[in-house]
């Protein structure tokens, strides 16, 4: 059996984490031969609820769960962490402007970025789930100057999976028939679900669907799926978000399948003309615990306009919190 790795999870008593922690402890994220120590962070008023979650984790008797830490101190929760899933974030309250939300989260993710910088493993892999995920990831990354910026990512896998399931339903195929789904940009309603490179049974997806369905049904459905779930369920996506987090981390740690790629919010190196330093979703392949942006895809005018619109939103979000970012 391998030596245990340390997995930090924030917002650990929340809805998403309740669907996430048990699957990590069961080996779904890092493999059935990898023991884990869960290092769970919560705000002080939620520590009692977190204690209950820890009791349940104990009661599952997971062979791979090698230990647990419950804390309200980021310096404790991120100590020597090999992986971090930043799930906890300030939700948008009634009458709250987007700028207020960005600023409230900037305070949270600045503190967590500093704690990661000061206490985590130098090889830590960070996934930000809490929204606005891309900009929260940027804030954490900027507050961790001693950690390679490539080690901070934002979750786009839920959007990616939503695209897969919508396309499979439309064409009456299985998910195994579809490869190379791509989501570009921000985890928001400006994201661009791109079918020009997606293959269904080896043939280009966009040629198998009507233009009107693609532009006026598929794209807005994927973009607005989160809001549709809140309307139907009365609460935001939790189990599907946890599932996407597991898939994102599993593929990053263990590798993506041959001849396929995944969508990840990653540190832009200027690929496809996207401003360097933004956390932007690109098609990525993973191997040996690292990711690479897929290069050489042809981008037409329709795609370019969509990619630029979501890039501009990310620039606006960054500029809204610029005063809170380290120089």
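Along the chain as shown, the residues are counted starting at 1.
Placement of Cβ uses the backbone N, Cα and C atoms for every residue, glycine included.
Keep in mind the model is a prediction, meaning the values are calculated, not measured.
Database features, via Swiss-Prot:
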type     : residues                                            : note
ACT_SITE : 187                                                 : active site, proton acceptor
BINDING  : 11, 12, 13, 14, 15, 16, 17, 105, 112, 129, 130, 131 : NAD(+) binding site
BINDING  : 92, 98, 131, 162                                    : substrate binding site
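Nearest Cα neighbour of residue 92 (substrate binding site) among the listed binding-site residues (13, 17, 130): 130. Looking only at the recorded positions 13, 112, 187, the one with its C-alpha closest to residue 98 (substrate binding site) is 187. Among the residues the record lists as binding NAD(+), namely 11, 12, 13, 14, 15, 16, 17, 105, 112, 129, 130, 131, the two farthest apart have Cα atoms separated by 20 Å. Taken residue by residue with DSSP, residue 15 (NAD(+) binding site) is part of a helix.
Burial estimate for the binding-site residues (92, 162): highest at 162, by number of other CB atoms within 10 Å. Cα-Cα distance from residue 13 (NAD(+) binding site) to residue 131 (substrate binding site): 17 Å (rounded to the nearest whole number).
Pairwise Cα distances among 92, 98, 131, 162, the recorded substrate-binding residues, top out at 24 Å. Counted within 10 Å of its Cβ, the other Cβ atoms near residue 112 (NAD(+) binding site) come to 26, all protein chains included. Cα spacing between residue 187 (active site, proton acceptor) and residue 11 (NAD(+) binding site): 19 Å, rounded to the nearest whole number. Within its own chain, residue 17 (NAD(+) binding site) has 9, 11, 40, 53, 87, 88, 242 as residues 6 or more apart in sequence whose C-beta sits under 8 angstroms from its own. Residue 15 (NAD(+) binding site) sits 20 Å from residue 162 (substrate binding site), taking the Cα positions as reference.
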